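Asker: So TrEMBL has the following annotated:
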- 6-31: transmembrane segment (TRANSMEM)
- 40-62: transmembrane segment (TRANSMEM)
- 74-94: transmembrane segment (TRANSMEM)
- 101-118: transmembrane segment (TRANSMEM)
- 133-156: transmembrane segment (TRANSMEM)
- 168-192: transmembrane segment (TRANSMEM)
- 204-226: transmembrane segment (TRANSMEM)
- 238-256: transmembrane segment (TRANSMEM)
Amino acid sequence: MAASAVVVGFMAGFFGIGGGLIMVPILFYLFSFVGIEHAFVMHVAIGTSFSIIIPNSIISTMTHMKFKAVDFSIVRTFGVFVVIGVVLGTVFAVSLKTSGLILFFSIMTMIFAIYFLIEKEKINPAPRKINLIYRVICGFLSGFLSAPMGIGGGVFNTPIFKMFGYPINVAIGTSAAIGFLIALIGAVGFAISGTYLNINVPLSLGFINIPTFLIFIPITTFMAKIGAETVHKFNKRLIGRIFGIYLFIVACKLFYD
């Protein structure tokens, strides 16, 4: 489990995301290996992923705040619709069986893989205000789609903010702050729903596995810093292609299994 945390932390820092896309598949196979009931194994992987993202997103947000790279005006207005999306997305996720969650995760991961493989570097337009209709639609969808995947939504929100002309550092910093909201609401939702369903998973709070949370937090936080430092030695486009290939392999394996 500690070895898995090393991989998750390093890759999350290296690829500049919260880690959910990397963490959920690893936790799924890890929990399957230790014998967690198949009917709930994906739910536990997602709930635990959310709980681990919470402190990581706080640290990330505070770091970006030092460089004034978090636009809290977006967090406040965009975040309202994100929260609504997460709540409904969590209800949707809990209603699915493990096979349904795996299928959903695989399809979305494949879409992300294609995005990273074909993404081209573009010059950002001048920043412009995100009007209400876009905030409602984009905020709700990023929250709703993140909930059944156990991710902080950065893979949705960072490209959205870049599209509206925000500098990449502000896009990432603001996404990290919104990722905290997604992870917090998602973790609470999965904890409550798992408790309500009275699932039989040892040492867990609902769909959140406590030992995994305690083991992963210090390791992922430390390794994410190393990954973030290492990434600057590589070409950005190459990094995107590598991540796209990784996601493609993960999606195919989950779908096949």
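Think of each number as a place in line: the chain as shown, counted from 1.
Note that Cβ sites are derived from N, Cα and C of the backbone, with glycine treated the same way.
Annotations in TrEMBL come from automatic prediction, not curation.
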Asker: Could you name the stretch, out of 101-118, 168-192, 204-226, 238-256, with the greatest number of CB pairs under 8 A to the transmembrane segment (133-156)?
Answerer: 168-192
Asker: How about the transmembrane segment (238-256) with the transmembrane segment (101-118) - do they touch, taking at least 3 C-beta pairs under 8 Å (6 or more apart in sequence) as contact?
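Answerer: Contact confirmed: at least 3 Cβ pairs fall under 8 Å.
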Asker: So if I exclude everything within five residues of the ends of the transmembrane segment (204-226), which remaining residues of that chain have a CB under 8 angstroms from its CBs? That is, six or more out.
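Answerer: Same-chain contacts beyond the flanks: 1-2, 4-6, 8-10, 12-13, 19, 23, 27, 30-31, 40, 43-44, 46-48, 50-52, 55-56, 59, 187, 190-196.
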Asker: May I ask which of the stretches 74-94, 101-118, 168-192 has the most CB pairs under 8 A with the transmembrane segment (40-62)?
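Answerer: Ranking 74-94, 101-118, 168-192 by Cβ pairs under 8 Å to the transmembrane segment (40-62) puts 168-192 first.
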